[in-house]
Amino acid sequence: MILGDRDLKYYLEKGWIKIDPLREDTVRENGVDLRVGGEIARFIKTDKVFDPDNPDPAFFKIEKIEEFIIQPYEHVLLTTEEYIELPNDVMAFVNLRSSFARLGLFIPPTIVDAGFKGQITIEVVGSSFPVLLRRGTRFIHLIFARTLSPVEHPYQGKYQGQKGVTLPKFRTEASKFLSLHQK
């Protein structure tokens, strides 16, 4: 069941869904708009090979921003201004606001799992022309869906509690894989 604006306001009022800071104008008909936060990570163009088993943060440049230009076809990680907390029976779909999609910007399909807490880091792919983005601009739209029952294992993954832009974390996955297959 997708939560409409009345449901969302009720869940927010009861504290079942937490969004901080929450602005009233961001609660929409069937979701909540989240805003561009104050930090991005640009992907560094290189011929070096990225190895997920030995991640190197030198592939990214983290910048504190009030505004930034996403260049044509550039890939950028950005964080939301808001910190969210979801209960064990609510998940969210992350969508780019249509005004930005109509400019040619793109984000990959992204889900926020039930039980997640943190700021959302999202990948944005640039358009065919440069686009200026400012901190505080409503940028992504979360559509919340209630599960039929609380999930058995709420999200407790490597991105739980993240604040600011968070780079990809692969080492844990590689370590888990190796530990499972070396027995």
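One is the number of the first residue shown, and numbering goes on along the chain from there.
Here the Cβ of each residue, glycine as well, is placed from N, Cα and C on the backbone.
Annotated dCTP binding site per Swiss-Prot: ARG97, SER98, SER99, PHE100, ALA101, ARG102, ASP113, TYR155, GLN162, in sequence order, evidence recorded as sequence analysis. Swiss-Prot lists GLU123 with the feature active site, proton donor/acceptor, giving sequence analysis as the kind of evidence.
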Neighbourhood of ARG97 (dCTP binding site) by C-beta distance under 8 A, where only residues 6 or more apart in the same chain count: ASP33, ARG138, PHE139, ILE140, HIS141
Which of SER99, GLN162, the listed binding-site residues, has fewest other Cβ atoms within 10 Å: SER99
Fewest other C-beta atoms within 10 angstroms, as judged across ASP113, GLU123, which are the recorded positions: GLU123
ALA101 (dCTP binding site): tally of other CB atoms within 10 A of its CB: 13
Pairwise CA distance, ASP113 (dCTP binding site) versus GLU123 (active site, proton donor/acceptor), rounded so that it is a whole Å: 17
Inter-residue Cα distance where the pair is the residue listed as 'active site, proton donor/acceptor' and ALA101 (dCTP binding site), in Å: 13
C-alpha spacing of GLU123 (active site, proton donor/acceptor) relative to GLN162 (dCTP binding site), in angstrom: 15
